[in-house]
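Visitor: I have a structure I would like to understand better, so I am pasting it below and will then ask my questions one at a time.
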Amino acid sequence: MAAHQDKKPSEERKHKSTQNDTRTSQVQWGRAWEVDWFSLASILLLLLFAPLITYYFIMSCDQYQCSLTDPLIDLLMRNKHLSDIWNRTPTLTYRAAGIYTIWVAFQVVLYVFIPDFCHKFLPGYVGGVQEGAVTPAGVVNKYEINGLQAWIITHVLWFANAYYFHFFSPTIIFDNWIPLLWCANILGYTVSTFAMIKGYFFPTNAKDCKFTGNFFYDYMMGIEFNPRIGKWFDFKLFFNGRPGIVAWTLINLSYAAKQQELYGQVTNSMILVNVLQGIYVLDFFWNEAWYLKTIDICHDHFGWYLGWGDCVWLPYLYTLQGLYLVYHPVQLGTANAIGILMLGLIGYYIFRMTNHQKDLFRRTNGNCKIWGKKPEYIECSYMSVDGTKYYSKLMTSGFWGWARHFNYTGDLMGSLAYCLTCGFEHILPYFYIVYMIILLTHRCIRDEHRCFSKYGKDWKRYTAAVPYRLIPGIF
């Protein structure tokens, strides 16, 4: 459910071998082949409670001024019944359905039918047709990388409307926020269900499908590795990058417009949220080609976890800070505002430079300088399913010598900065940092389990050289 990114710092070369290790190869890719009771219980809890959590947070802002405890108190004290809360919840409207349909259709058009032109005039930007990683079946998919272009076109049109055309109010997203939630859920469940049916009956590549025989696990984690329609519409890249992340900055802009409408000004905390989260979104699209080598694309199958998560969870729960500030405008003191800005920028710098060091090391096969010195690394080997032996270099210097997932550390610093803009009156805005800690810690454990299965004793040598996961000296 997240657009957060990770890729091991390695450059691989292969040598022929007569050995064959099917189990190791299977562990490397994505999801399980068999489902244990704990995994099934976790899946059922997520399927049941993730939609309820999303509704509860948005409802609490709409009806209880963003208090997470007041609805529970009302219910426990029998001041209200569930039906009272539900009856006060805005329903799906034709207006919201029209807005959402136009939005998704517009993003599909930008994604499929307009080839990227930004790479032709933006120095350093990698766009246009790019190759992804090799899939378990040996397929190398091609992608049209045009997310930055889609983001620019969308926002140019947004500001043109706000300041010139006036076809709709900039507050349109906030004003239809809960009816749009029902639209997002419809799309999320529809695309997830379609992806499962497609995996059974007409997969893009049958060799890249995984079946456990457990309906709930397969629905949640996905069957197809890279479901596609036609040559260019890739489900995983589209729903990971569009429409949720393109909408992220528009949602925040709508919150800011609503604050201006209600209070006659936009607070510095709202500006900070727009700036810091805007930097993150732009970074995602600037590095969209790099994203093709991350966990989401390289290892996850496409199911409810990505389909519903990117349609609902991401746009609704990643934007809670801006939503909260509409109901509780916070004007930060100068020192606090500067401190939060610096925390967010330093977190972004760590996140970006850590990933830059990794990419530089990979692209040059270690023939580069990190912090002015030749990088240190551990050479590891593993076996593929066809008996080919590969070698990987795992970097142990630079930021990667501080912790094995130090890019996540920078990500968490930025996430904390978003939350701190909201002050300490309510806990709702801090859900994001709690969620990110759980998500990224789980990703660390999941990725390291996969790497241990892949590299064996070599992975133990690597973890001995870099003993900490996220925080040097602590964890």
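Cβ from N, Cα, C; glycine included.
Pasting the feature list from TrEMBL:
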{"type": "COMPBIAS", "residues": "1-14", "note": "compositional bias 'Basic and acidic residues'"}
{"type": "REGION", "residues": "1-23", "note": "region 'Disordered'"}
{"type": "TRANSMEM", "residues": "37-58", "note": "transmembrane segment"}
{"type": "TRANSMEM", "residues": "92-114", "note": "transmembrane segment"}
{"type": "TRANSMEM", "residues": "148-165", "note": "transmembrane segment"}
{"type": "TRANSMEM", "residues": "177-197", "note": "transmembrane segment"}
{"type": "TRANSMEM", "residues": "302-320", "note": "transmembrane segment"}
{"type": "TRANSMEM", "residues": "332-351", "note": "transmembrane segment"}
{"type": "TRANSMEM", "residues": "415-440", "note": "transmembrane segment"}
Visitor: Is it the case that the transmembrane segment (177-197) and the transmembrane segment (302-320) touch, counting contact as three or more CB pairs under 8 Å in which the residues of each pair are 6 or more positions apart?
Guide: yes
Visitor: Would you say the transmembrane segment (415-440) and the transmembrane segment (332-351) are touching, if the rule is that at least three C-beta pairs must lie under 8 angstroms and be 6 or more residues apart?
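Guide: Yes, the transmembrane segment (332-351) contacts the transmembrane segment (415-440).
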Visitor: With the transmembrane segment (302-320) as the reference, which stretch in 37-58, 92-114, 148-165, 415-440 has the largest tally of C-beta pairs below 8 Å?
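Guide: When the Cβ pairs under 8 Å are tallied, 37-58 comes out ahead.
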Visitor: Residue list, the transmembrane segment (92-114) vs rest of chain: Cβ under 8 Å, 6 or more residues beyond ends.
Guide: 144, 146, 149-150, 153-154, 172, 176, 179-180, 182-184, 187, 230, 232-233, 238, 242-243, 246-247
